[in-house]
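Feature annotations, courtesy of TrEMBL:
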TRANSMEM  B:30-50  transmembrane segment
TRANSMEM  B:70-94  transmembrane segment
TRANSMEM  B:106-135  transmembrane segment
TRANSMEM  B:155-179  transmembrane segment
TRANSMEM  B:211-231  transmembrane segment
TRANSMEM  B:251-271  transmembrane segment
TRANSMEM  B:292-313  transmembrane segment
TRANSMEM  B:333-351  transmembrane segment
TRANSMEM  B:360-385  transmembrane segment
TRANSMEM  B:405-424  transmembrane segment
């Protein structure tokens, strides 16, 4: 089990429809800080959570543009640094260099996307909230950050909205 | 029996249990296979060491055929690596649900096939210890590589393809590794905890993960099409008769998908039976894959015929001569094997009964793989052996060293695959759950899993 340092209450659910009803309830109460666990992503959950579009796309765009520019500049620089005349072809040949630029667009796009996922999804960081091993199997969960004095009220609220088990730190 | 989407709809816990079962302690057949594979690999390594010690003279390569089995193997293995990314990226974008059960194995196959292909330029250059000269970097010799050469485009294409496919594969594994972590105990738990990178299946992580996964698929799609196009330009950009053709890029890509899909089926048919995964890898999946093989096989056949038509229509004596010699000359046997295995035998797949008969399908896919290896051999060797000037013609016969290294390459590929299936789930847990109905309380909704259908 992980290190828990964020105080809060974790409700565990077996059914997607109950979970979605609970999410809608907490969202209607203005709780945008809830953390929902599910064995796999699902469109119904996305709709219920109504989160903004991930900024990972900006990383991909930036990576692609960087790779493309680097591809053309690097090949042109290398060709001008060491002149290799072949069959009267231009030393700086943009059409031939497009192949390298294309490959580097994809490569840098992928590397920046990876960076975008790692930074935004906060991979490589220790989990600070309560967790249950069954979330990767067949259970769902809602973690609600709250102070210790609110534990009892939150536990009741989660149970009233379908949670089968409730844990707190 | 026709199995459709609703019949592979299982409960979440059932999916986890069944798929993680493949990671249990292996039995005797597994160890026997590993022993055979390691024996073949050892033979390949000895053959390569012998070549390094004695020089390239021990290979059958000589003037005028400077490209032989090593380049054939290189092109063949790059082609095998195409099906994985096609299935994982292009079919993901098309939302083809039959991909979910097969894409993990196909992706793993891609990585291992490209790893295998990457060995061949190193083996082929002979002096492997200076192969790094291919890499463009500022050096004390103040030299730069020729960026106008298709061989250098290949360096970029293959390295990019391997890097992007490997990242895509590893990213796809993260949620499944987290699932293993949560079931594991002891040392295994520590290792899988490290490899799961702190993934906890939360909405914050899924949001960015799924966005990134979609972009990986979008980036990998043009990459799949570009890689074998660039490999084909190694040949097409030259003036050698039989190579100098604008047809090569689509022809190579179709051939790559054709051979890659065949290899996926060659591997998955016994795998399904050994691990008792019949309910996840159904005849429906194999029917769908067979249809892709039929499509790409038809494109390949059309390309062969177009090559002959264009050779005749061009009225170029060298071009016409090369294509006549391929069919009726000294390399007639590789040509017949290529045409028979790639154009005639796959016609059986037009019968639905054959597409759903896995034993027949397995044999057909092996023929396709043989045919595609000979296609590469046929293109590479026959054109070089009889170029323009009859004075410089010469015949190429592979030596035992080349065949030993080829055998070793197959064993190298299967070694990685056999290790993979015991350390990681070969079916994607998370994506199998994505196509299953989520559990419902039954209050106004249907039940969970197969009973829902």
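Yeah, the Cβs are placed from backbone N, Cα and C, and that goes for glycine too.
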Query raised in the report: For the transmembrane segment (B:30-50), what are the same-chain contacts with Cβ under 8 Å, counting residues 6+ beyond its ends?
Result: 58, 123, 400-401, 404-412, 414-415, 418, 422
Query raised in the report: Going through B:106-135, B:211-231, B:292-313, B:360-385, B:405-424 one by one, which has the most CB pairs that fall under 8 Å from the transmembrane segment (B:70-94)?
Result: B:106-135
Report summary line: Other same-chain positions with a Cβ less than 8 Å from the transmembrane segment (B:211-231) and lying at least 6 residues past its termini are 75, 78-79, 82, 85-86, 88-90, 92-93, 150, 153-154, 156-158, 160-161, 164-165, 167-168, 171-172, 249-250, 252-253, 255-256
Query raised in the report: Which stretch from B:106-135, B:251-271, B:292-313, B:405-424 shares the most C-beta pairs under 8 Å with the transmembrane segment (B:360-385)?
Result: B:251-271
Report task. Take the transmembrane segment (B:106-135) and find every residue of the same chain, 6 or more past its ends, with a Cβ under 8 Å from one of its Cβ atoms. Result -> 48, 51-52, 55-56, 67, 70-71, 73-74, 76-78, 80-85, 87-88, 145, 152, 154-155, 158, 161-162, 165-166, 168-169, 172, 260, 263-264, 267, 405, 409, 412-413, 416-417, 420, 424, 426
